[in-house]
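Remarks on the structure that follows.
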Amino acid sequence: MAEVKPVTAVFPGTFDPFTRGHFSLVMRGIKTFHKVIVAVAGSTSKNTKFSLEERVDMAKRIFEHHPQVEVDSFDGLLVHYVEQSPANVIMRGLRAVSDFEYEFQMALMNRRLDNDIQTVFLMTDYKWMYLSSSIIKDVAVNGGDIKGLVPRQIYDEVIERLVPGK
């Protein structure tokens, strides 16, 4: 029988900001994989509210007591980052059918670029199916309550940045 090697997964994203949905996926990921690398995307077409350094720092604070989680950043193609990392799996979360089409296309393109890299999809916990960083930003900017929607370690920083007059 072939020896089973520890599998490291990369969980990529903009994380602007990190949500409880993201956190839930990473915590489920470390039950499935030996290690999860949270890879914060630097070059993105999204209009981010937090700099790359701030997003990396927030993720590091969230996972500082979780030795199976490493936080890193990358620019360029995700496949190139994964090829240079100890990982051989890309971990992605799916909230709804609408996520699947986009994620499926990306997984196929990544596989075309490097056939040795697999993409694994985890369904988002039902409590967080509606949640996205964009929704968090929209609710906060318009005075809505986001307590419990972002990890407590970054709540104050997110409020300070997003809520007018804070």
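Cβ atoms are placed via backbone N, Cα and C, with glycine included.
For E103 (ATP binding site), applying a Cβ distance below 8 Å and a minimum sequence separation of six or more within one chain yields R92, L94, T119, F121. In the three-state DSSP scheme, E103 (ATP binding site) is classed as helix. For T14, F15, H22, G93, L94, R95, E103, W128, M129, Y130, L131, S132, S133, S134, the entry in Swiss-Prot reads ATP binding site, with the evidence type sequence analysis.
Residue density at K46 (substrate binding site): 10 other Cβ atoms are found within 10 A of its Cβ, drawing on all protein chains shown. Residues or ranges marked as substrate binding site in Swiss-Prot (evidence: sequence analysis): T14, K46, L78, R92.
Per Swiss-Prot, the feature site 'Transition state stabilizer' maps to H22. DSSP assigns H22 (ATP binding site) to a helical segment in the three-state reduction.
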(message) So the record assigns T14, K46, L78, R92 to substrate. If I measure every Cα pair among those residues, what is the longest distance in angstrom, as a whole number?
(response) 18
(message) Tell me the Cα distance separating L78 (substrate binding site) from T14 (ATP binding site), rounded to the nearest angstrom.
(response) 12
(request) List the Cα distance (Å, whole number) between H22 (ATP binding site) and K46 (substrate binding site). (result) 18
(message) What's the number of neighbouring CB atoms sitting within 10 A of the CB on L78 (substrate binding site)?
(response) 19
(message) For the C-alpha pair, I'd like the distance in angstrom between M129 (ATP binding site) and K46 (substrate binding site), rounded off.
(response) 21
(request) For each of the binding-site residues (H22, R92), count the other CB atoms lying within 10 A of its CB, then report the residue with the highest count. (result) H22
